[in-house]
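Worksheet: one structure, shown below.
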């Protein structure tokens, strides 16, 4: 009886232990699918490593180009009378050139021809800084005629557009006069226009004003003509000779009268010669008188 009780207790303990163990285990994991997707034979290749960063290079500068052509007109075309001084006044920076145009009367001449004729002009207008770069006293030392010639040297008596400068023949005539006395040579290189006077080399600047009768260009140097600032010595000497030839000839005067032959002093030898000549003359005269008296006496005696 005791054995049966122990056996039953043992079975009960085993069942209890089994129940406790079973409840403590986690739920079973879900079953895997029958066939999992096949893996690729070779994994995809990794992308190539990026190239090492190169140092930034400075941008390549384009080749030097010829200067751009002059800018279009800065001053609008005049609707009324064309006045060079007003045009340059509106453009600003040309006060010295304007003052000289007025003081020499060149501005008045231009005004008359531009508004009363079909004549056209090209003007090279130096800026105020161009005049300030001259040696002190350069302009003030000129005579009125030379100032006029200086301004006229900046004026061509025809309209020359930018595209027509290459067609000019050197030396280019100006309003100053003879091209041999006031030479101006103009050359072009691409879009650049160069002006040479023999003393100054300048480059044409912007277009200040342009219409069918007048064009004004800026120049950054005063164009100095040779005949005004470096006259030829031969020409100056010829001018002086011509002026001397035109002057009245005046004979030199002296406060003392010129000595005559009678007033000239007589030397002792000359005086002796004069006395001897006089003695001979008297002797001959006396002999002639004697002969005459003898002949008269002869004729008188013969008649008696």
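Using N, Cα and C of the backbone, Cβ positions are placed for all residues, glycine too.
Between the listed ranges 27-71, 72-116, TrEMBL ties the annotation region 'Disordered' to 27-71. Using DSSP to sort the residues of the domain 'FAS1' (81-223) gives these counts of helix, strand and coil: 49 helix, 36 strand, 58 coil.
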